[in-house]
Amino acid sequence: MAKLTILVALALFLLAAHASARQQWELQGDRRCQSQLERANLRPCEQHLMQKIQRDEDSYGRDPYSPSQDPYSPSQDPDRRDPYSPSPYDRRGAGSSQHQERCCNELNEFENNQRCMCEALQQIMENQSDRLQGRQQEQQFKRELRNLPQQCGLRAPQRCDLEVESGGRDRY
């Protein structure tokens, strides 16, 4: 009976020690993640996604035969265009691909921590939620945001709640 008591006491001690160590490990992970998020520059991700949404709206929301869309029209004259805007002939937009590359470099820092990757995606959503116009644009932004890790060749978080303007959450 004494041996059984000692074994039970030892088992409880080991269980408590394991729980304490796990809690300490998770706390360190939270601090590490918070530090990574503070150092990360997620602005290129936000810019890439907003440009992508804008391009999609431009290509789906307008008449392709409209004179304002004609790359040969005077309004599209290269001498009159803003030199920093993407070329009308470049369907992807050079600025966006630069933003995507910089974004992927930043997201790569979170690849080994799926929870932290999710928090980075949540931060991007929160930063841009005020700029999104209407439910349709918000949903499109979320779709693009969910696909962002895969576009960068990274694993996407298995479960991640994305904050929505109404205060609820969308889970994917």
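Every residue gets a Cβ built from N, Cα and C, even glycine.
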- [ ] Can you dig through Swiss-Prot and tell me which residue of P44, P67, P88, P149 is labelled 4-hydroxyproline?
- [x] P67
TODO: Look through P64, P74, P83 and state which residue has the annotation 4-hydroxyproline in Swiss-Prot.
DONE: P74
Open item on the list: Tell me which residue from P86, P157 Swiss-Prot records as 4-hydroxyproline.
Closed with: P86
Open item on the list: Taking Swiss-Prot as the reference, C118 is linked by a disulphide to which residue in C33, C45, C160?
Closed with: C160
TODO: For the disulfide involving C104, grab the partner from C45, C152 as Swiss-Prot records it.
DONE: C152
TODO: Using the record from Swiss-Prot, pick out the residue from C33, C45 that is joined to C103 by a disulfide.
DONE: C45
Task: C160 (disulfide bond) versus disulfide-bonded residues C45, C104, C116, C152 - nearest by Cα - done: C116
Task: Minimum Cα separation from C45 (disulfide bond), reported as the residue among disulfide-bonded residues C33, C104, C116, C118 that achieves it - done: C104
- [ ] Return the residue, from the listed disulfide-bonded residues C33, C45, C104, C116, C152, with the maximum count of other C-beta atoms within 10 angstroms of its C-beta.
- [x] C45
Open item on the list: Quick check for you: of the disulfide-bonded residues C33, C103, C116, C118, which have their Cα within 10 Å of the Cα of C152 (disulfide bond)?
Closed with: C103
